[in-house]
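Participant: For reference, the structure I am asking about is given below.
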Amino acid sequence: MAFPETRLRRLRKNQNLRDMLTSTIITVNDFVYPMFVIYGKNKEIEISSMPGVYQYSLDKLVGAVENVVKLGIRSVLLFGIPEQKDSVGTGAYIETGIVQQAVRLLKKEFPDLIIVTDVCLCEYTSHGHCGLIENGNVLNDQTLDLLAKTALSHAEAGADIVAPSDMMDGRVGAIRKELDLKGYENTILMAYSAKYASSFYGPFREAADSTPQFGDRKTYQMDPRGSINEAVLETKLDILEGADIVMVKPAMAYMDIIRKMKDEFLTPIASYNVSGEYSMIKAASQNGWIDEKSVVLELMTGLKRAGSDIILTYHAASIAKWLQEV
Ligand code: PBG
């Protein structure tokens, strides 16, 4: 027999063979598109560090959502930027809050759209932290009530999925309990479970105006150098407390964590391809250094292969368009 005996290239010979042997396929249904909502009228402000991503006032939001729905996107994730901030994040849980208004409006216009809301206080607090502050510390248990109140107000507005991103201990249980108590036992809970204190969130903090005014988020978000067991434990607790979907965030530098979660748990796994990851690809492609479409589709294929059932990404609208082309 001629050398080499094994010729893997036989199966790569032509496009039909390669297509036949494809094992990871991404579809538009895999994606959730994050959007930012602000007060005011006729506002559509591009985030300078995130080209192609905008803050929309409510009147502009409907048109923007209509465009992505037409592309086949079935789910959006909403972040709100309040008119005023205070030390207890009131804007996060009032009935007239920006996210609550956006959810009501979108539910009316797009009854089938899956609306996800980010449940956190950092956009709404004057200090920019995800919980209440006492003597410079972020309080855990006292914050839980406010997070539960925030999630309830989103559910009352019509949110299909509430997604706590604060990383307080026990928040999934606190939110589940409150939702069940008030008759929202069918509201889905997607927990940001393995959420790292990441430098990749930089552009988001411009988009959501949520930079901490002192210190950082390292006392509540996870240390990237921590053990994989810590990520498993965080996720396991969230599942035991009632999470329906668990999330790994960020995505690109944490694909090992995504794979671990997929192997470890039966619960669906979401991964969040965050702002900094988006901006890097945008910047490189704007410079002509990489081809945006093929790089993004390759990355999404990788995230899905790693074990993501759902991918949250600012590229979602472009992906939907590209998938229609092929
Ligand atoms: C709120 C929240 C953040 C992100 C999602 N929800 C910021 C943070 O934790 O600092 C980041 C999303 C992104 O970077 O795209 N806590």
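For all residues, glycine too, the Cβ spot is worked out from N, Cα and C.
According to TrEMBL, the protein carries these features:
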- Lys195: active site, schiff-base intermediate with substrate (ACT_SITE)
- Lys249: active site, schiff-base intermediate with substrate (ACT_SITE)
- Cys120, Cys122, Cys130: Zn(2+) binding site (BINDING)
- Arg205, Arg217: 5-aminolevulinate 1 binding site (BINDING)
- Glu234: Mg(2+) binding site (BINDING)
- Ser275, Tyr314: 5-aminolevulinate 2 binding site (BINDING)
Participant: If I take the alpha carbons of Cys122 (Zn(2+) binding site) and Arg217 (5-aminolevulinate 1 binding site), what is the distance between them in whole Å?
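Facilitator: If we compare the Cα positions of Cys122 (Zn(2+) binding site) and Arg217 (5-aminolevulinate 1 binding site), the gap is 10 Å.
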Participant: What does DSSP assign Ser275 (5-aminolevulinate 2 binding site), in three states?
Facilitator: helix
Participant: For Cys130 (Zn(2+) binding site), which residues of its chain lie six or more apart in sequence with Cβ-Cβ distance below 8 Å?
Facilitator: Cys120, Leu121, Cys122, Val138, Thr143, Ser165, Asp166, Met167, Met168, Arg217, Tyr220
Participant: Cα of Tyr314 (5-aminolevulinate 2 binding site) to Cα of Lys195 (active site, schiff-base intermediate with substrate): how many Å, rounded?
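Facilitator: So the alpha carbons of Tyr314 (5-aminolevulinate 2 binding site) and Lys195 (active site, schiff-base intermediate with substrate) sit roughly 18 Å from each other.
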Participant: Write out, in the order they occur in the sequence, the residues of the chain not among Cys120, Cys122, Cys130 that have a C-beta within 8 Å of the mean position of the C-beta atoms of the recorded Zn(2+) site.
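Facilitator: Everything else in range on the chain: Gly89, Leu121, Glu123, Thr125, His129, Gly131, Ser165, Asp166, Ser210.
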Participant: Could you check which of these recorded positions, Lys195, Arg205, Lys249, Ser275, sit within 10 Å of Glu234 (Mg(2+) binding site), going Cα to Cα?
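Facilitator: Qualifying among Lys195, Arg205, Lys249, Ser275: Lys195.
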Participant: Take the Cβ of Cys122 (Zn(2+) binding site) and count every other Cβ within 10 Å, whichever protein chain it belongs to.
Facilitator: 23
Participant: Based on a Cβ-to-ligand 1 distance below 6 Å, what subset of the recorded positions Lys195, Glu234, Lys249, Tyr314 would you report?
Facilitator: none
Participant: Return the residues near Lys195 (active site, schiff-base intermediate with substrate) by Cβ distance under 8 Å, restricted to its own chain and a separation of at least 6 in sequence.
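Facilitator: Lys195 (active site, schiff-base intermediate with substrate) has long-range Cβ partners Ser165, Met167, Gln221, Met222, Met247, Val248, Lys249.
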Participant: Are there any residues at least 6 positions away along the chain from Ser275 (5-aminolevulinate 2 binding site) with a Cβ closer than 8 Å to its Cβ? List them or say none.
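Facilitator: Same-chain residues close to Ser275 (5-aminolevulinate 2 binding site) (Cβ under 8 Å, separated by 6 or more) are Ser49, Met50, Phe200, Tyr201, Gly202, Pro203, Phe204, Ala207, Tyr314.
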Participant: Would you mind ranking the recorded positions Arg205, Arg217, Lys249 by how many other Cβ atoms sit within 10 Å of each Cβ and giving me the lowest?
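Facilitator: Fewest other Cβ atoms within 10 Å, among the recorded positions Arg205, Arg217, Lys249, is found for Arg205.
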Participant: State the count of C-beta atoms found within 10 angstroms of the C-beta of Cys120 (Zn(2+) binding site), not counting that atom itself.
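Facilitator: Cys120 (Zn(2+) binding site): 27 neighbouring Cβ atoms within 10 Å.
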